[in-house]
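**Student:** Can you read through this structure? Questions will come right after.
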Amino acid sequence: MTTSKQKKLARNSCSTTVPGAHAGPTRAKEPPFALLGQASRKVLRTSVKIKDRTVYNGLAAVQFGMIEILVPVGYQNSKTVASDKYNTGDLDSLLLVKPLSSAVSSSTGIINNHDSLSVAPDVSQPSFTPAASESKPTSMTIPHAAFQYWPRVFLQNVDVLSPLVSLPPLGARLDTTVQLAYCNHLLHAHRSPSSESGEVLTLHLAQQASVDAILQDEEKGNRIRWLAIRVVEEFAADSLKTLEKVSEVILLGPSLDRDYYRKLLNSMVAELEMATLFDVGILQGLVQLVECAQQDYLLQDDLVRILAVLRIRLQDDHQQSTMHTYYLALGLSQLLDVMVEGKVHHLSRVVDHEPLSALLRQLSENPDPYLKHQATYALQALLHIPDDESRQQFVSRHAGNIAMGLLGVAGAPKLDFSGFEEGARKVYESTVKTLEIGVKVVEGAQDLRESGQDIAASVKGGILSGGRHLWYSALCEAQEHVRSGRLVDFNSLVFHAPCCRDVEFQWGVCQLLREIAANLQWEVSPRRNAVDLLVELYRNDPIVVSNEEVDKWILQILRQVIALSDPFISDHAQLALQGLEKEGDTGKQELYCSVITGPLISYPVKIRHPVASSSPLLTRVLAIPDVEYDLRSLRRQRMGDHSRSMYIPPQAKPSLKSDDTTLFPLMEKALEFVEGHQQVLLILGDPGAGKSTFSQRLEYTLWKSYKPYGPIPLYINLPTIDNPEQDLIGKELKFQNFSDEQIQELKMYRHFIVICDGYDESQLKTNLHTTNKVNQPGQWKAKMVVSCRSQYLGHDYRFRFQPQSVDHYTHASPDLMLEAVVAPFSKIQIEQYVEQYVKELPADDADRDWPAWTKEEYMERLTKIPKLMELVSNPFLLTLSLEALPEVIGSEKELSAIQITRVQLYDGFVNRWLEVNKRRLEGSTLSDVERSAFDLILEDDFRFHCIQFQKDLAAAIFKEQEGKPIVRYINLRDRKTWKSSFFSPDAHTKLLRESSTVTRSGNYHRFIHRSLLDYFYSRTVYDPLDYDPDASSNDRPVNADPKSKLSQMIPELSVLQFLAERAEMDRVFKTQLLGVIEDSKVDEQGGQAGANAISILVKATTRFNGADLRGVRIPGADISGGQFDSADLEGADLTNVNLGKAWMRQANLNRARMTGVQFGELPYIGMEKEVLDCALSSDGGFLAASIYESGISILNTATWARIANYPGGDVIAISPTTREIARSSQNNTVEFGDILTGKIRLTLIGHEEEVTSIAFSPDGSLIATASKDTTLRVWSASSGNILHTLRGHSESVNCVGFSPTGSQFVSCSEDKTLRTWNAQTGELATIFKGHGHGVVSVAYSTDGRQIASGASNGGIGLWDAKTGENTHGFVGHLDAVESLAYSPTGHQLASCGHSGTICLWDPQNGELMNTLTGHLLRVTSVVYSPTGDYIASGSSDRTIRLWKTGGGESSPDGISESDTSGWGCVALSPPTGEYTVTGNTDGTLCLWRTLTGCPVHIMTSGTDAIQAVVFSPCGKRIASVSGNDVQLWCAQTGQCLRVFKGHTEYGLTVAFSPSGHQLVSAGHDLTVRTWDSETGEPEFILEGHTDDIIEVVYSPSGHQIASCSDDGTARIWNAETGELLFTMEHPEGVTQAIYSSDEDDLISISPGDGFLRTWDPKSGRPIDRHEEIYLNIISCCFSPDGKLVASGDREGLFRLWDRSSGAFERVFQSMIGLTLAIQWKQDSEGMHYLATIDLGSLRVWKLIEKEEGKSSLWKTPSYVVRLEERMVMVVQLD
């Protein structure tokens, strides 16, 4: 029994160390509270970091440190014991060194909820354990109860608790979930040694062999992991989650992988959310699951979600069952403990923090002490979780409390207020040393002992509202000691914690001791020690201030322990309880009696399930049929099937329009897809590109890395599946002999990688992912790889493959689909394939009539035969060529003269295949019936019958199966069908089938490659064997007239291509086709045949220029790209004919039937002057155009007639809701009025400079305008009032556009930035930076998620509208991007600019989809129609053009699509221009016949782009520049004759001397070099230029060389000596110099200033011969006789000048578009030709002189060479 004196001595033995005070400044005149307010604001504005804390922590330390000084040690429950002495210390060490948790814990035991307004408060707990633990006390520690005597009950630590588990015998299966949990934990720890897996089960040491077996056997390990996963899935799917099942599944929580842990967590949370009645079992399991979570398994949202559920339950239940409320409070406590550990930050103060805090405060006043204390604990945990309140908000809310607290201090008895005032002034002057406030208050107190209680009460009432208490941190540390078995440290903490006298701390300690004593997993000794320590706490008043509630709690705990079934502990507790009967004074003894005789309280200590005693879920899982054995069998089969095939890893590109710079390894991309979030990978490619080979190799690769119970790869040949739109995976598994039970199991619980090969061969049109409901609830879980021929798909094909979002099932999700287009083989890949092929060739092949070729011999032939390398870049054609080449080329020696087409390779391959099989059968052992049948076939012509068999089969497949290439044949079922003719077991049929290119797999038959089906069908239309004079049986019936076959629709584009190649190489077939077309004029039934015939001929590059096609019937023909200039089509049936990109200049279409004709480009509308802007009304009914100096024109889109015209400015916009138009006007205003009349309703006045852009909000209520005055303004469309004037851009604002919702709009500026703004408030949202030049145009995507921007340098940026992240950036145009527009579906982005083109992009990946050419000059505006079926564009060429988009998406048909990146230079052969040579960027040169456009040679110089080409004067040689070298070629053979080396950097130009004996070249190394063209020897090196030399040219006599340079000079050199003769200065770089034929004039062009200058080459002086000074000219040339000059300028004008009179006189002018270069040739008949190069093509014009009074020139068109399509097209000069 302790006495009061002992208690007092114990209290006085405590010492407290506090920091000292510095001398303050003189007293301030201002009121102290005003100073404090200013000081606080200054602190809040200061962001000085002090180690891991901020100055805000210092301010909190001041407040609470001051309170601790005033509140005597041991102040609890209105009991105050004053401290005798307060020592001072170092203030800076408290503020600047110690973290807040330590500083505060050392002085107060109480810390503020907001951690002194820290942004990210430290939620780590301070250590309170003295020297007994590992932590070392510092000088700042203030031991509140450093007792000389304290009970040491726990004398040693113990091992961490773990339930004991017994494994089954080695080899036996697991029977209980306890065993499963232990084994899964072992595997988890083995895979992730650093993982923290919560509670661990303990194993009997004797069973180590079982453990070793599990860890060493991968298959067993996978089985265990699968069982654990299935138990979780069974639990999630179970509608009745009993306590037994919860206890079972919770055991698995610590060892689950993240995905399944989260699945289990979400299942339990959902159950708790949906339960009508409160389920304690679910709550217990959920809390236990949260407590065992590993790092990164829990998300903050998870805990907040659970917290919200418990809060709602608490609101509903706290006035009902006390036990339920207690369970909720207990569960909340444990959940909040987890959140305090640092897993949650910034809890919503309004939504979560304050409502829950209010509930818990209410419960903490409950009369039930157990519920009250549990609620108080939960409240403290909640207050330790930082909310989302800002510092400013916190100060605003608590300013009143703080002020009232300080007023209370000032009003305390005998306190000198001047000291406080002095302290306040000190805070104001030095925020870092804020603790001096408290020190000054203390110095001002005259009698602290007497007034301390009042001061404490005053301050506490004002400042400590909602404060955090130290006892919670101490209890957290105590719990950690107990969990870790550090019971000695726990014992020490109980008596040394600064808050050891706090009732809540004592209550919590008792709960921990109760848990130890009652937990059967602890050994007996620590459990008894727990009882002993409870007894000590009950007895020791000198150490622990006695509290009636705590004493009752201790007695209740002892009673509960006595009630346990364990006699070792219950008997010990019984004796201990009896020993307390006479303890204490009378009051305590009475309390004892009341508790002992009262009811036993049964509140639980912790929410924790006991270890599961049964395993109902596992029992259910063990009954599931095992599919792994059958999957292993499938794996062995598939890997065996695919391992033997030849395979070269293919490359791919992101889309059909991507170039070769975007290539990537396809297998790597596919494996990334398997691991990524996308659900569909679409693999496209040409026929024979290797899609099927890759698909099979992908399955092989995935099977090779397959882990049991992991994702299952499944290759499906789609044509073998009936109705693959439904249950595709199930049908394939059924075919692989899986049972229905196994299929159901796989469907519900396994994931697949489904590889669907042959989408096109199945003739599918539907979305397999959607129709099979993949990844929808209860359906197959899979990723899908789909292969398809590119040609099979239309323009808008993505909708067939895009998965549907799981959250929004009716909406496609483009981000879930990945696309890859198989690229042709490169030369390296071809070489690798040839090497593999040669290795597998048998050394002594008896079926071969020639010696086996080596790899080098194959490569020589593939390389030297023209165009063959390009042809065999297709893998299947490469295979064919390796088989067929020896037969095709025979004994020909001159490889460069051989022409090989694709159809020739197929012919050779088939002949080789049949010959091999013929010899095989000849040497095989056949039955008598088979031998007789074989002899009959041999006798009549083996090859003929085999080919006829395959032709008939191909025809039957197209007729009976609509081209589906796989035929299923079961003899008993199909012997009376058409199939028996090809697949019956009859000897004749069998021999033909087995000799053909037909393969069998089970009951399925198909050609070995799909393209062979098309090939043999094409031979049913025309077969060269029918006309082979060497055929052995000329009396066979042949199809002499293909008309009957042509009368049927040709089913495949590939068939058409085979026939086109036949027509090109076979005059007989071509003549027959022309005859079919001619017959269609008189044969009313000949329309289909005529259409097929002309389609084939157009594909065969047959030209119909000037042809008599009157009355032909060709409905539905595809003659796109064909040549029909001046053709007579009068009265022709052109119904539904595709004329896209066809050239039909001056064609006669009178009375032609043209219903449904597809022109590609819609008619264009000519305007008076340049079109500056275009806008379409929201209903698509009107198009408004702003015309330079002509105002606004309104067109009716139904007829494209102009219906209104009125004045207006350059910028326009149409309201989406009314028929009104806004247009810029004079004086920087915007006029707003009726679209048809132009009547003005409003004038918007406010901008100070020109308005550059206008945009309406989607609802039409707002108008946004941009201006050169750097501002944006938002106006009310109804009143015209200015709502916002927005500043932020530093230069002209060029464009503005609203988001689809109208909540935001975006602007762009010359300051290189984009900005988004809140449309309602005008606040700036985001600044987008990344462009290096001014931003000209901007647009929001249709869904508002993306913003596109166009810059003045031609760059286009795609941005995430929410984050401002730049997702893609690319060069779109050569100059400024004038306009941007998204298609209505958002799948396409159109851009236009100075280059005169319209580019269509895929906004998902930034890939170019199409380029539209047709405008001659700058395109200023581009807009989509509301339905997306056409695009309207306006241009400086004075036209508005309309482009069809093919249903709204993908690739519109323009009049002349082109790719200007494919070639870079061109030259015409002298003297007549018979040939044209082009230099390409891929390092090749192409030689063409100028009059026909047919290619002659393709010459390869390397990989560097060809910079320049030129013919020798005789036309027999060609010089080119590539890299640093100059190459010389033979124009007749295409062979490289010589390479000139010497330049140190890349060359740019080359020229022949007039004699052809000398070459001159120049380039980037600033030198001009001359060479002997015959020997290749260098002659002169001419130096003097200081920048790139752009062009060199010889004078007609060859005595001079002129050079042009970017250094602004043209120089004339003596060609014979190398001497510099003259230097002609220009203000800008010079790009061209041209001598007249008489050498009187030298013209130089400097595009930078647009002047055309004439010089005297004999003196180097300028000559004025021009009628105009400034011509804006960028190209020109002299006529062969030197009398005329042709020029092209920036504006697209082509001019001819007559210089015969001495001065230049303009004789002709026409708009033909931008002309980059001109060459003039005259043929032998005196006809003049002009070749012009623009951005998209080489065009050749024929000039005819016509006398009309004065001599002038008239013109007629000749043709245009479309380089990228290798075809000839005709254009006309207007």
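Residue 1 is the first one shown; counting continues down the chain.
Just so you know, glycine gets a Cβ as well, placed from its N, Cα and C.
Curation does not apply to TrEMBL; its annotations are automatic.
I grabbed these lines from TrEMBL:
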type: COMPBIAS; residues: 1-10; note: compositional bias 'Basic residues'
type: REGION; residues: 1-31; note: region 'Disordered'
type: DOMAIN; residues: 216-559; note: domain 'Arm-like repeat'
type: REPEAT; residues: 1244-1285; note: repeat 'WD'
type: REPEAT; residues: 1286-1327; note: repeat 'WD'
type: REPEAT; residues: 1328-1369; note: repeat 'WD'
type: REPEAT; residues: 1370-1411; note: repeat 'WD'
type: REPEAT; residues: 1412-1444; note: repeat 'WD'
type: REPEAT; residues: 1540-1581; note: repeat 'WD'
type: REPEAT; residues: 1582-1623; note: repeat 'WD'
type: REPEAT; residues: 1678-1707; note: repeat 'WD'
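How about a rundown of where these features are and what they're close to?
**Tutor:** Nonlocal intrachain contacts for the repeat 'WD' (1244-1285), taken as residues 6+ away from its ends with a CB within less than 8 angstroms of a stretch CB, comprise 1209, 1211-1218, 1222-1224, 1227-1232, 1291-1298, 1300-1302, 1305, 1307, 1309, 1317, 1319, 1321-1322.
Using DSSP to sort the residues of the repeat 'WD' (1286-1327) gives these counts of helix, strand and coil: 0 helix, 23 strand, 19 coil.
Within the chain, the repeat 'WD' (1328-1369) has long-range Cβ neighbours (under 8 A, six or more residues past its boundaries) at 1291-1292, 1294-1301, 1304, 1306-1316, 1375-1386, 1389, 1391, 1393-1395, 1401, 1403, 1405-1406.
Within the chain carrying the repeat 'WD' (1540-1581), a Cβ under 8 angstroms from the stretch's Cβ atoms is held by residues 1504, 1507-1514, 1517, 1519-1528, 1587-1594, 1596-1598, 1601, 1603, 1613, 1615, 1617-1618, all 6 or more beyond its ends.
According to DSSP, the repeat 'WD' (1582-1623) comprises 0 helix, 24 strand, 18 coil.
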**Student:** I'd like the per-state residue tally for the repeat 'WD' (1328-1369) from DSSP, helix first, then strand, then coil.
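**Tutor:** Helix/strand/coil tally for the repeat 'WD' (1328-1369): 0 helix, 24 strand, 18 coil.
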**Student:** In terms of Cβ proximity under 8 Å, which residues at least six beyond the ends of the repeat 'WD' (1582-1623) contact it?
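**Tutor:** Result: 1548-1555, 1558, 1560-1564, 1566-1570, 1629-1635, 1637-1639, 1642, 1644, 1646, 1655, 1657, 1659-1660.
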**Student:** With DSSP, how much of the repeat 'WD' (1678-1707) is helix, how much strand and how much coil, in residues?
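**Tutor:** For that range the per-state counts are 0 helix, 16 strand, 14 coil.
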**Student:** When DSSP states are grouped into helix, strand and coil, how many residues of the repeat 'WD' (1412-1444) land in each?
**Tutor:** 0 helix, 20 strand, 13 coil
**Student:** What counts of helix, strand and coil residues does DSSP assign across the repeat 'WD' (1540-1581)?
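**Tutor:** Each residue of the repeat 'WD' (1540-1581) counted once, the result is 0 helix, 23 strand, 19 coil.
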